[in-house]
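Straight from Swiss-Prot, the features:
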- 16, 27, 201, 222, 223: 3-amino-2-oxopropyl phosphate binding site (BINDING)
- 18, 19, 54, 59, 109: 1-deoxy-D-xylulose 5-phosphate binding site (BINDING)
- 52: active site, proton acceptor (ACT_SITE)
- 79: active site, proton acceptor (ACT_SITE)
- 160: site 'Transition state stabilizer' (SITE)
- 200: active site, proton donor (ACT_SITE)
C-alpha cells in the first residue's frame, strides 16, 4: 500500500507489464523478464501490477501469471476475456482483481470497452464465477451511461473506464468532448457505488486531466511507461508517472488545475 493511499489525494497507479513481455517475445529470449519488471515497479511506487493474458498469448504467457502471483506484494490485476478458458485460469490463479475486457485477435491493442449491455448474461455469469472464487471483478467499459448501469447490474464492484478515445483525439475540441464523457462516467459510477478506475492510451503529457478527476481511484498504464523507460530507466519511468498523477490530483483538490 502506498503512502498516497493515506492522503486525500489518493490515486493509485497500476503498472501494466504487457509490453515488457512484448519486447521479450520479439526475439524469443528469456529477457526482459516481466516478473522482474513487476517487482521493480512495486519498489518504485506502483500500487498494482496489471497484465493481460490474451487468448493468443502474444505477450504475457501463462508462466508469467503463475510465477508472478505468489511474488506480487501489492495487487495483481489480471485482464482477461470472457471465455471459459480464461475464467478458469483466473479462478485457479485467484488474482486480487480480474478485469474483464473485450478481445479480438486482429487488434493491435484493445480497441474499445466491453459491451456489457449486449452480452449481459455472459458477463453477469462471469462476474459470479470470479466472485465465488474470491476474485474482485472489474469491467473495462466505455464511459457510456447504459454500459455503466449494466456493469452495476452484473454485480461487479469495479469499472475501468476506457480512455483510448480521449488519448487518440485528433484535436483539442475532440479531446475535451471525450474528457467530458469520462468525467460524466466517473460521476455516474460513483453514484452507483462503484469503484471507478480508468486507463488505455494514457501517457506523460495527457494523463494530468484524467488523474485530476477526484473520483478516479486508479489508472492503469503500461505502454507509455515501457517506452519512457528506454530513455530514463524503468524505476524512473514508474516514479515519474506516479508523481505526475499525484501532483495533478493535489493541484485539482487545491484549485490549481
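Each residue's number is its place along the chain shown, starting with 1.
Backbone N, Cα and C atoms are what each Cβ position is placed from, and that goes for glycine too.
A map of Swiss-Prot features onto the structure.
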{"residue": "16", "record": "3-amino-2-oxopropyl phosphate binding site", "DSSP class": "strand"}
{"residue": "27", "record": "3-amino-2-oxopropyl phosphate binding site", "DSSP class": "helix"}
{"residue": "52", "record": "active site, proton acceptor", "DSSP class": "strand"}
{"residue": "59", "record": "1-deoxy-D-xylulose 5-phosphate binding site", "DSSP class": "coil"}
{"residue": "79", "record": "active site, proton acceptor", "DSSP class": "strand"}
{"residue": "200", "record": "active site, proton donor", "DSSP class": "coil"}
{"residue": "222", "record": "3-amino-2-oxopropyl phosphate binding site", "DSSP class": "coil"}
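If you draw a 10 Å sphere around the CB of residue 222 (3-amino-2-oxopropyl phosphate binding site), it holds 24 other CB atoms from the protein chains shown.
The binding residues for 3-amino-2-oxopropyl phosphate are recorded as 16, 27, 201, 222, 223; their greatest pairwise CA distance is 25 Å. A distance of 13 Å separates the Cα atom of residue 27 (3-amino-2-oxopropyl phosphate binding site) from that of residue 19 (1-deoxy-D-xylulose 5-phosphate binding site). Neighbour counts of Cβ atoms within 10 Å were taken for the recorded positions 79, 160; the minimum is at 79.
Looking only at the recorded positions 19, 52, 54, 79, 223, the one with its C-alpha closest to residue 200 (active site, proton donor) is 223.
Nearest by CA distance to residue 160 (site 'Transition state stabilizer'), out of the recorded positions 54, 59, 79, 223, is 79.
The two recorded residues residue 201 (3-amino-2-oxopropyl phosphate binding site) and residue 79 (active site, proton acceptor) have their Cα atoms spaced 16 Å from each other. Recorded residues residue 18 (1-deoxy-D-xylulose 5-phosphate binding site) and residue 52 (active site, proton acceptor) have their alpha carbons 6 Å apart, per Cα-Cα distance.
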